[in-house]
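Heads up, the thing below is written out as structure tokens.
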């Protein structure tokens, strides 16, 4: 769920999730246009991942995970919730791996700057 996603971003990327809201064309609710940088692409890929989840709502599904040898491992018996966890885990690692691409000019980017056709997932 979105609360757990926020927690994973802090655990894995070491950054507050506030930096990911209203960023670029995809970080936040919804998304259109072309991702503006690698950080925005992390959000695009996360949106695509959520779009492929079936049998539960990824924004509200509560999943389980453990930390093993410094790595986060998604667990539980529900395949849908495990898929949501994987979406969140991969996105948090993407944010971590692309920290240096974050650019304040894309924070609160006006929607008029995201008018291009979206690429397919």
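Cβ coordinates are placed from backbone N, Cα and C, and glycine is handled just like the others.
Look at Swiss-Prot and you will find 46, 88 tagged as active site, backed by similarity to another entry. Taken from Swiss-Prot, the feature Ca(2+) binding site covers 26, 28, 30, 47. Per Swiss-Prot, disulfide bond is recorded for 25-114, 27-43, 42-94, 48-121, 49-87, 56-80, 74-85.
Residue 47 (Ca(2+) binding site) has 27, 87, 121 nearby among the disulfide-bonded residues 27, 87, 94, 114, 121, counting only those with a Cα within 10 angstroms of its own Cα. Within 10 Å of residue 121 (disulfide bond), counting C-alpha to C-alpha distances, fall the following of the recorded positions 30, 49, 56, 88: 49. Checking each of the recorded positions (25, 26, 56, 80, 85) against residue 43 (disulfide bond), the C-alpha distance stays within 10 Å for 25, 26.
Using a 10 Å Cα-Cα cut-off around residue 27 (disulfide bond), the recorded positions 48, 49, 88, 94 reduce to an empty set.
Taking all protein chains in view, 27 other C-beta atoms sit within 10 angstroms of the C-beta of residue 42 (disulfide bond). For residue 114 (disulfide bond), the nearest of the recorded positions 26, 28, 30, 46, 88 in terms of C-alpha separation is 26.
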